[in-house]
Amino acid sequence: MKKSNSLDTVEKHTVATAELSDDDDKELLALGYKPSFKREFSNLATISFAFSIMGLCSSIATTFNTPLLLGGPSTVVWCWILGASVCFTLGTSIAEIVSAFPTCGGLYTASAQLTPKKHRAKVGWLVGWLNILGQIAGVSSTEFGLSNMIWAAVSIGQGDKFELTAGKTVGLFAGLMVFHGILNSLATRHLAKMTAGFVFVNLGTTFLIIIVLLATTPRSEMHPASYVFGSEGIVNQTGGWNTGIAFLFGLLSVQWTMTDYDATAHISEEVHRAAYAAPSAIFIAVIGTGLIGWLLNIVMILCSGPLENLPGPSGSAFLQIMVNRMGKTGALILWVPVCLTAFFVVQTALQATSRTVYAFSRDNGLPDRGYFGKNSKSTDTPLRAVWLSTFIGILPGLLDLASPVAANAIFSLTAMALDTSYIIPIFLRRIYHSHPEVNFKPGPFYLGNGILGHFCNWMCILWTCFICVIFSLPTVLPVTKDNMNYASAITGGVVILSSLWYIVSGHKHYHGPQSNLHEDSEAETKTTPPEEARNLA
């Protein structure tokens, strides 16, 4: 009898899951795309994916030097919560669009839908290239950062006898990239199961660092509130910028950490109840990362010790604070899950990047005749796009062997290119909201057309324009070829070159996001009335 009840329960669950998948697939068909992926990501796996893409403790660890050594300890604390608060408006604005367009193309596909027909191809082309190159640079820079984190631990462990070379860093970086390519070659069900556990390592490590630091730092050695939150903690070390600009440089850490929001959108065709789950995961992850990240930054500064002793021999102020308080052994033990968190960032980011490349190729945005826009029959995942993204991601790291300045210039593309690609569809969503050729059908996650919706949308647009200016400034004066900030030049170059490419040849094969329902079988075509499928051309 118990066995019969168990079988009934399994059967009901299977039927319910199939019905949810059918609803998701109907929504995808209505957007003009046939289902090409298996929906294996549960709510937990989707939330874990959204948290993992931001990294939290690992992303803070790799960017902690910037606010601390440019603007001082108080800059770390206040710039984080300031930036996180405004990033929340960007995250909710993106979640609203993702809820309305739950496709693997993400904001790239949405941007073309949110503009009149005559502009769709141009807008789709620009947003697509900004998003793809920003994601690839993000994967590459995070993997390179992970390589440096691992070697920093080796440096702490071996002391002065260890010598780090560019060859060691790049070699480990390339090996990690290939390993991530192999992991991303797994079927969706394996990726979903693996991803579901990432969030527990991420949050668990963060809270463990907070607890251990507070437990191992004597009360007499903790900094006072005036140092953590007050003017005593504002220390301008930029070499020439005024204190206000030095303080604003502290925003670079939070902006770098809280980016790639739309990564969850790129797996939406692999998610159950995508129109609900994907935007909800983005919303939860943005709030959680913002608040927990602020707590971590406060505790790090509280227990940081003398500023003149940082960043220490490892070059990482975050790791050095852990070593000073926990001892070498304790710090290195906790550094392992921090590195694992960075590993998870690359894992999820590469998955999202490959889906974007797949969607862009599917729409003939690449000069490949759709070669990278195909799924493998064995895994139902875009293996070609995975390995294209992997090998292109290795190139900036290899560049470090010839010129570290050039490699860092490519890495700097990440935040500016991604944030720019985000605000374009948000901007279009507002200025063309009543245009007869733009049919924005809100999803379940909807901010509305009232004060809340307008505030979130326009605030994030203005903030992103402002932060792009900060991203463009050299952080140290006087400016030399080694410390010059090439972010704006690289991003501008991408826009100019992609525009020229479109004018010369891109317009011949790319006409904006295209429906692929014509590739369906005759049976599937009959079950889908033509009026239900929106032509994205």
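From the backbone N, Cα and C atoms, a Cβ is placed for every residue, glycine too.
The transmembrane segment feature in TrEMBL is assigned to 44-63 (among others).
According to TrEMBL, the transmembrane segment annotation covers 75-102 (among others). Residues 24, 27-28, 31, 64, 67-68, 109-110, 113-114, 228-229, 233-234, 246-251, 253-255, 258, 261-262, 264-265, 268-269, 271, 274-276, 278-280, 282-283, 285-287, 289-291, 293-294, 297-298, 300-301, 419, 422-423, 425-426, 429, 440-447, 453, 455-457, 459-460, 463-464, 467 of the same chain sit 6 or more residues outside the transmembrane segment (75-102) yet have a Cβ under 8 Å from a Cβ within it.
Within the same chain, residues 55, 58, 62, 106-109, 111-112, 115, 169, 173, 176-177, 180, 259-260, 262-263, 339, 342-343, 345-346, 349-350, 352-353, 356-357, 360, 363, 365, 389, 392-397, 400, 407, 410-418, 420-421, 424-425, 428, 491, 494-495, 498-499, 502, 506, 510, 512-513 sit at least 6 positions outside the transmembrane segment (123-146) and bring their C-beta atoms closer than 8 Å to a C-beta of that stretch. Taken from TrEMBL, the feature transmembrane segment applies to 123-146 (among others).
Nonlocal intrachain contacts for the transmembrane segment (166-183), taken as residues 6+ away from its ends with a CB within less than 8 angstroms of a stretch CB, comprise 139-140, 143-144, 146-148, 150-151, 194, 343, 346-347, 350, 386-387, 390, 393-394, 397-398, 400-401, 404. As annotated by TrEMBL, transmembrane segment applies to 166-183 (among others).
Using a Cβ-Cβ cut-off under 8 Å and counting only residues 6 or more beyond its ends in the same chain, the transmembrane segment (195-214) has close neighbours at 41-42, 44-45, 47-49, 51-52, 55-57, 288, 292, 295-296, 299-300, 302-303, 321-322, 325-326, 330, 334, 337-338, 340-341, 344, 347-348. The transmembrane segment annotation in TrEMBL covers 195-214 (among others).
The list of residues near the transmembrane segment (234-254) in space but at least 6 beyond its ends in sequence, with Cβ under 8 angstroms from a Cβ of it, reads 60, 63-64, 66-67, 69-76, 78-80, 82-84, 87, 293, 307, 467, 470-471, 473, 475-478. The transmembrane segment annotation in TrEMBL covers 234-254 (among others).
The annotation transmembrane segment is assigned in TrEMBL to 275-302 (among others).
Among the features that TrEMBL reports, transmembrane segment is placed at 332-352 (among others). Nonlocal intrachain contacts for the transmembrane segment (332-352), taken as residues 6+ away from its ends with a CB within less than 8 angstroms of a stretch CB, comprise 49, 52-59, 61-62, 135, 138-139, 142-143, 145-146, 149-150, 153, 156-157, 176-177, 180-181, 183-184, 191, 194-195, 198, 201-202, 204-205, 208-209, 212, 260, 262-264, 266-267, 319, 322, 326, 386, 389-390, 393.
The transmembrane segment annotation in TrEMBL covers 381-399 (among others).
Note on the transmembrane segment (449-473): residues 83, 86-87, 89-90, 92-93, 96, 241, 245, 248-249, 251-252, 255, 412, 415-416, 419-420, 422-423, 426-427, 429-430, 433, 485, 487-488 of its chain, located 6 or more positions outside it, place their CB under 8 angstroms from a CB of the stretch. Residues or ranges marked as transmembrane segment in TrEMBL: 449-473 (among others).
Marked as transmembrane segment by TrEMBL: 485-504 (among others).
Residues or ranges marked as region 'Disordered' in TrEMBL: 513-537.
The compositional bias 'Basic and acidic residues' feature in TrEMBL is assigned to 517-537.
Only residues 6 or more beyond the boundaries of the transmembrane segment (485-504), in the same chain, are considered here, and those with a CB under 8 A from a CB of the stretch are 122, 125-126, 129-130, 133, 405, 408-410, 412-413, 415-417, 420, 468, 471-475, 510.
Panel annotation: around the transmembrane segment (44-63), residues 142, 145-146, 148-149, 192-193, 195-200, 202-203, 205-206, 209, 252-253, 256-260, 263-264, 267, 271, 277-278, 280-282, 284-285, 288-289, 292-293, 296-297, 300, 316, 318-319, 338-339, 341-342, 344-345, 347-349, 352 of the same chain, lying at least six beyond its termini, place a Cβ under 8 Å from a Cβ of the stretch.
Sequence-distant contacts of the transmembrane segment (275-302) (same chain, at least 6 residues past either end, Cβ-Cβ under 8 Å): 24, 27, 41, 43, 46-47, 49-51, 53-54, 56-57, 60, 64, 68, 73-74, 76-77, 80-81, 84-85, 87-88, 91-92, 94-96, 98-100, 102, 203, 206-207, 209-210, 213-214, 217, 222-223, 227-228, 233, 254, 257-258, 261-262, 264-265, 267-268, 318, 321, 443-445. For the transmembrane segment (381-399), the residues of the chain that approach it from at least six positions outside its boundaries are 37, 136-137, 139-141, 143-144, 147, 170, 173-174, 177-178, 180-181, 184-188, 191, 350-351, 353-355, 357-358, 361, 371-375, 406-407, 410-411, judged by C-beta separation under 8 angstroms.
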